[in-house]
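Read the structure below first, then the notes.
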């Protein structure tokens, strides 16, 4: 029987069972092929996992990577859209060889590009031409082939007038030859080398000669103050100042603006020196400590990380560095989800990182604090294939193996905790074997400088920073060359500079700010704060030792990758647990099983309906109101048919088809309930109305008018149609998604499953549920009451009302039990579907069996196939089948009673005979005649006793 009370419940749990999942998700994009000579990096997935799936979820990003010296031309990253396609599919991505783009520009000249569909591709050709008053030194043409230019890059040299007189320009320098950082030991010889190379060039400052005046600052601000005074107040005038240490540079740069002097440092790294308001004329070829941040951001983008966390030691240098990182990641669309700091004890911050599920962590602290941090990292298990740590690269190579009494972790534990972390370190020597503006490679520079040093390079202070000092002189020379006009163009006279001439200072500042050239330390360029933009070395700890995995040039946004990075999990981890949305679908075995039962039930309903129609002329069938029974069979068929759309979900149908399925469930169940239960309710209502009234009102009510029964059923069906139509028009059912808590898969992968379940719902679902629950619930309760009240009533007009009552009991019980259970289990698709569908199946089966099977059995076993006319002709009587049955029962009972009476009479006769015999014997023993009670009057002849006149003793003897 139908269970419309369960309609809203069936309209909800129609995504279903976890066991049936045809794809990772019902929505997503199909995996695509990489370009030739390239591959695809899948974030958070291993190679085996990629092979096992065909679709990737919406918003998932893939990145193209190329082999060898090739680079991606076209979109590097594609994102899965909601419509199932990847972004920018109309633009192909290719892996091509690209030559250096530095050949596309020529100072004091022009470059003409021909061939190749894009600059610097294989087959591209460049021709070089110099401006007037300059001549070309080198080849005038170069061709790009297999990522290399065919000839070295030429340069334009000024046409110098022979025997021209050159004027001296002085530089005031402070070299720390001793103290905390004795960098002047190697930087001073490097500066002297640069001055020799610059002064020997005919195309740079052809009318001037750079000369150096220097002092030993000892990396002491007090000592530096003394020498600064001497430089400023003693002739000759210095056009620029060159301090070394950060502490000395802070003093010099803050005071230099009062004398309109440009300050160029070669060894200062403090982020505080990037403050343009405080140090308006400061430049440095030594990168700021914040230069690590562009590299970090680039790596975040390379590996597709959008969420990072940070932990820092509370010192000024790390705070300012982290503030800069926060601004940069925000511009790149990356979020710092969690920021922690500590002064001396990192235990609590590390625990907080673990609690917040931090995966990509940037650590800023000194070496001693680094050991404390990673001891806590080991305790919290905040390492392994799910985590990546970014640290500063200037720690000692074995910093994690150094004995430290402040921690309680062993060397083995520390080694395990730090494995795989990434470090960034400033590159102070160009790793590429290319020639700089001085026509020297970095290796040639090292060899030439080593010959000038008095001690071994490892024992010489500032040897690593020496390339920066060398390039500082070249940056100054090129800026002064631009300011003076380069010998052939209009410019200022450098010899006119004095400490009150701000005009020349401003021009030198602008020229210095626009510097861009290839030095022995790499590409030299300054950012808006005057800090050097240099290459960054990227290393990874692999097997307990650091391995170079790449370089990054932030000025060109060029990442040189060696592809030697290794990951514990085989690939870079995700920045968070990868959440894959999956729909819970109904178990197909359950759906098929219930569908088979429902199909058999529909067949049974058709058989019952056919039987009822075929035998509608039989009196016994006629007296059961066959038309109402036919409606019941049709209602059961509709209810059983509703099982099929109840089991349809996203596994079988698309999103656009879901509203139609929702409406099908609603209408099939609604009409099925009205027809099936309404027909039975109408029968039991009429029986109760007619046969439970007072005796004086019965006679005129016993006339059954069928049209009233049909009108009652029509009223119930009409109410349902009206209500369902209003519901569908005003607030139609649509597809909604229920989201459950994340689930961790059994496999040890960094993925969480987000289960979702499809439901049919509407905006005012609770209102409609209240209407249906109230209306149908009252019908069920009233049906139970009427069935109970009429259980002892017997009527020939509706001879199956007791069977109808039994069917109503079953339907009501199943509804009242299944409705609340299904509401509780609405989020468990298999259980909810099983309860709801089986309730429909069982109630329909019971109704059909109770109403129709007894009729079939009676007609088959008793052969009562005659119609009413045939029965009248045969018997000559209008006695109905019910009266004939009663007559036969009474006759049988009468025969049994007659048999019993005959047996009793025979027994009575036998007892009488025995009684007479005893009386005769007694009379012989007592011959005297007793006194005559009649007073001597003669007695008439004795009469035999009446067989029916017995006293109490005889009756007792008779039945003893």
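A Cβ is built for glycine as well, from the same backbone N, Cα and C atoms used for every other residue.
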In Swiss-Prot, the residues 269, 286, 366, 465 are said to bind 4-aminobutanoate. Which of 246, 341, 344, 442 is said to bind at that same site?
246
Kindly tell me whether the record in Swiss-Prot places residue 212 on the same side of the membrane as residue 708.
no
Looking at 23, 159, which residue has the N-linked glycosylation site feature per Swiss-Prot?
23
So, in DSSP terms, is residue 366 (4-aminobutanoate binding site) helix, strand, or coil?
coil
Long-range neighbours of the transmembrane segment (631-651), counting only residues six or more past its ends (CB under 8 A):
1-3, 10, 14-16, 20, 22, 26, 583, 585-586, 588, 591, 594-595, 598-599, 601-602, 605-606, 608-609, 612, 658, 661, 664-665, 668-669, 671-680, 713, 758, 829, 833, 836-837, 840-841, 843-844, 847-848, 851-852
Out of 710-730, 804-824, 833-853, what stretch is closest in contact terms to the transmembrane segment (591-611), meaning most Cβ pairs under 8 angstroms?
833-853
For residue 246 (4-aminobutanoate binding site), which DSSP three-state class applies?
helix
Please report the three-state DSSP label of residue 269 (4-aminobutanoate binding site).
coil
Near the Cβ of residue 269 (4-aminobutanoate binding site), how many other Cβ atoms are there if near means within 10 Å?
22
